[in-house]
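Per Swiss-Prot, the feature active site maps to ASP7, GLU67, ASP139. Swiss-Prot lists ASP7, ASP139 with the feature Mg(2+) 1 binding site, giving sequence analysis as the kind of evidence. For GLU67, the entry in Swiss-Prot reads Mg(2+) 2 binding site.
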Amino acid sequence: MRILGIDPGLARVGYGVIDTSGGHQRMLDCGIIRTDPGRSDGERMVEIASDLRQLIRAWRPELAAVEKFFFYRSSNTINVVQARGVVMMTLARFKVPVVEFPPMQIKLALAGFGHAEKDEVLEAVMRELDLTEPPRPDDAADALAVALTGWFQR
């Protein structure tokens with residue numbers, strides 16, 4: 001199964017593509033969709049949708065796993081929610097099934113406990129995908145963690 005993991009944001013959307021065929025998981029691609037901070041929010045959302053469409057066409061994921069956030073007092077909340085909406089809409093247009101996971105569930109799936117530190121989750125990602133170097137940037141590593149959670153929780 002090919003899974004696209006997504007860590008949404010307006011400035012950067014982390015993505016990671018894994019393949020789980022053959023009895024083990026392997027990373028096919030990871031990176032970020034970076035938007036231009038000098039552009040309007042609407043233009044940045046168009047950038048996210050356009051780049052995500054290209055990823056979907058290139059990798060043909062059978063499942064998308066998206067990190068789900070719960071913000072209460074963050075000034076960044078609206079931007080993340082808007083970017084997440086663009087991600088969800090684009091996935092729906094391509095009929096890619098979506099599963100969503102909050103950060104604690106991702107940490108639990110990979111590190112064994114929901115309050116794991118970022119470096120513990122990163123170590124688990126590297127181990128599960130048999131990587132010798134940590135995926136960079138951090139948003140891409142986070143997206144790979146989301147993709148792996150999608151596989152483990154299917």
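Glycine too: its Cβ is placed from the backbone N, Cα and C atoms.
Here the features listed in Swiss-Prot are painted onto the structure.
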{"residue": "ASP7", "record": "active site", "CB count, 10 Å": "28"}
{"residue": "GLU67", "record": "active site", "CB count, 10 Å": "24"}
{"residue": "ASP139", "record": "Mg(2+) 1 binding site", "CB count, 10 Å": "23"}
Coarse DSSP state, helix versus strand versus coil, of ASP139 (Mg(2+) 1 binding site): helix
Query: To the nearest whole angstrom, what is the C-alpha distance linking ASP7 (active site) and GLU67 (active site)?
result: 5
- request: Would you mind reading off the Cα separation of GLU67 (active site) from ASP139 (Mg(2+) 1 binding site), to the nearest angstrom?
  value: 11
Query: Quick one: what's DSSP say for ASP7 (active site), helix, strand or coil?
result: strand
